[in-house]
Amino acid sequence: MNDMKNGSNSIKYNSMQRQNSDDSVDVHAFDDLNSLVKQNEVLDDSNSLSSLSATSFNYINSIVGSGVIGIPYALVRAGFGLGLLLLALVALITDYSLTLMIKTAHLSGRFTYAGVTESAFGHVGYYLLSLLQFMYPFLAMISYNVVVGDTLSKVLVRFFPHLGASMGSVRFFVVFLVTLFVTTPLCLYKNVSRLAKISFISLASVVLILLAIIYKLFNGDYANVPQPKDAYAFVQPDILQSIGIIAFAFFCHHSTFLIYQSMRDSSLEKWEKVTHISIGFAWIVATLFGISGYATFTTLSQGDLLENYCYDDMNLARVLFCVSILLTFPLECFVAREIIRTQIKRFYSHELVEYDKNVDPKEANDDDGNNLIITLFIVFSAFFVSPTSECLGPILELNGLLTAIPLSYILPGLIFIKLDPHSLFSREKLPAIFLVVFGLAVSISGVIVLLPNLFDPERDCSTGIVLGYCKDDDITISINATANPIQPKLPLPKFRT
């Protein structure tokens with residue numbers, strides 16, 4: 001293992017030093033998007049490195065994504081008051097863990113997640129990280145299918161109301177067509193770097209959706225949404241699941257080292273500053289999503305907040321959200337595919353497999369047949385699993401508890417405890433110990449509570465159901481009349497607390 005470095009804030013690693021360290025030991029750095037899509041071709045060229053403001057933008061773009069759409073649902077699970085406190089707490093803990101990851105990189109001399117994990121825990125740590133890093137994008141792909149199916153089916157019903165009589169079939173057919181003609185070709189597209197370079201569209205879409213949600217809150221279109229007496233109760237029982245959703249929304253640890261290495265004159269001090277700025281902005285966006293969405297629908301808020309809006313409303317926002325997801329889907333698939341490919345090569349060679357991250361994927365000489373098989377396996381596995389849940393909330397909870405929390409809190413804390421030379425209960429290690437204990441307690445107990453009810457058909461999800469407060473518009477009357485001519489107006493769905 002490389003010699004220990006003290007990790008002091010005064011230490012600065014120039015870009016050439018980081019590149020040399022990275023090339024010499026992190027030869028399986030599938031966790032960094034840079035090694036997959038070659039966003040920064042020459043790290044030792046100072047002109048290609050990012051300023052503090054540009055780094056902050058890239059950082060914010062990696063944090064703020066589709067997960068924020070589930071924040072109002074997280075407030076439902078934990079309670080409005082406690083949910084907002086948990087938002088702030090998770091933001092603070094995430095801020096600390098991101099700083100801790102860069103400290104572990106300086107301690108190990110390796111600047112990828114796989115590198116620092118293997119430095120601390122050898123092959124066992126490497127394979128555990130590989131498993132978690134495969135599960136995260138795979139579960140994210142399933143959640144994207146759920147969102148696309150729910151969202152586009154409602155857009156179709158907006159123009160073809162008679163389809164509302166069989167929303168389940170429409171939803172399945174929509175996901176199948178999107179998988180066959182959109183996501184599969186994008187995932188098979190070798191030059192993924194072109195998709196990565198326009199990833200800012202995802203952030204722009206999220207901001208526009210947020211503005212639309214705030215507008216709908218104040219224009220009174222949903223003033224008829226009923227509010228239970230305890231709608232703003234401070235606490236609700238499903239606190240652990242709420243933390244999982246919030247952790248998923250703040251997760252960006254897979255791109256931490258890429259962003260750090262792209263920063264000009266990077267140092268621990270500058271990294272802490274840019275982390276505070278980025279996490280602070282992400283917390284503001286998440287809080288605005290949570291408050292505005294929850295204030296509109298209170299305890300009826302769903303895992304995909306756009307599901308709460310009527311069939312004839314917010315369709316442009318739905319399309320924007322789908323576009324951002326479809327641009328993100330192939331990047332998640334590419335990460336999952338590279339992990340499988342790396343493990344297969346490592347299994348057959350019985351040695352460390354080198355991955356040349358300076359080769360653009362479109363120029364790689366890999367076996368196209370194997371890439372095709374692996375890609376199709378991943379994409380259609382996600383497709384066949386996605387119909388098992390019509391609710392986005394449970395998938396966000398599961399991904400947060402099983403992967404986001406271990407990758408965000410448990411592993412960074414354990415790695416720092418292992419690599420830092422101070423005694424176990426020293427002042428330097430106590431926060432890391434708290435990070436590990438917090439992550440283990442939430443993850444283990446949350447999964448135990450969640451799994452028995454994960455596929456419960458009575459979960460609070462109204463996909464394909466016309467909500468009571470939408471019953472008077474022409475589209476939903478037509479849908480209800482087609483589905484049930486005897487009773488054209490559906491009652492407001494019950495919500496289980």
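Quick reminder: no glycine exception, Cβ is built from N, Cα and C everywhere.
Unlike curated entries, TrEMBL annotations are predicted automatically.
Annotation source TrEMBL lists domain 'Amino acid transporter transmembrane' at 51-450.
What TrEMBL records for 57-76 (among others) is transmembrane segment.
Long-range neighbours of the transmembrane segment (82-103) within the same chain, counting only residues 6 or more positions beyond its ends whose Cβ lies under 8 Å from a Cβ of the stretch, are 7, 71, 74-76, 113, 116, 234-236, 239, 242-243, 246-247, 250, 252-253, 256-257, 260, 268, 271-272, 275-276, 279-280, 282-283, 286-287, 290-291, 408-409, 412-413, 415-416, 420, 431-432, 435, 438. TrEMBL lists 82-103 (among others) with the feature transmembrane segment.
Annotated transmembrane segment per TrEMBL: 124-148 (among others), in sequence order. Counting residues 6+ beyond its ends, the transmembrane segment (124-148) has Cβ neighbours under 8 Å at 28, 30-31, 66, 69, 113-114, 117-118, 174-175, 178-179, 251, 254, 304, 321-322, 325-326, 328-329, 332-333, 335-336, 339-340, 342-343, 378-379, 381-383, 385-386, 389-392, 395-396, 398-399, 402-404, 406-407, 411, 415 in the same chain.
Residues 145, 148-150, 152-153, 156-157, 195, 326, 329-330, 333-334, 337, 371-372, 375-376, 378-380, 383, 386-387, 390, 463-464 of the same chain, all 6+ positions outside the transmembrane segment (168-188), place their C-beta atoms under 8 angstroms from a C-beta of that stretch. According to TrEMBL, the feature transmembrane segment maps to 168-188 (among others).
The transmembrane segment annotation in TrEMBL covers 200-219 (among others).
As annotated by TrEMBL, transmembrane segment applies to 239-260 (among others).
Feature annotation from TrEMBL assigns transmembrane segment to 280-297 (among others).
Residues or ranges marked as transmembrane segment in TrEMBL: 317-336 (among others).
If you look up TrEMBL, you'll see 372-389 (among others) marked as transmembrane segment. For the transmembrane segment (372-389), the list of distant contacts is 138, 141-142, 145-146, 149, 172, 175-176, 179, 183-184, 187-188, 333, 336-337, 340-341, 395, 454-455: same-chain residues at least six beyond its ends, Cβ to Cβ under 8 Å.
According to TrEMBL, the transmembrane segment annotation covers 401-419 (among others). Nonlocal intrachain contacts for the transmembrane segment (401-419), taken as residues 6+ away from its ends with a CB within less than 8 angstroms of a stretch CB, comprise 4, 93-94, 97, 100-101, 103-104, 107-108, 113, 116-117, 119-121, 125, 129, 132-133, 135-136, 139, 240-241, 243-244, 247-248, 250-251, 253-254, 429, 432-433, 435-436, 438-440, 442-443, 446-447, 450.
With a threshold of 8 Å between CB atoms, the same-chain residues lying at least 6 positions outside the transmembrane segment (431-455) that come near it are 93, 96-97, 100, 238, 240-241, 243-244, 247, 388-389, 394, 397-398, 401-402, 405-406, 408-410, 412-414, 416-417, 420, 424-425. Per TrEMBL, the feature transmembrane segment maps to 431-455 (among others).
Against the transmembrane segment (57-76), stretch 239-260 has more CB pairs under 8 A than any other of 200-219, 239-260, 280-297, 317-336. When each of the listed stretches 200-219, 239-260, 280-297 is scored by C-beta pairs under 8 angstroms to the transmembrane segment (317-336), 200-219 comes out highest.
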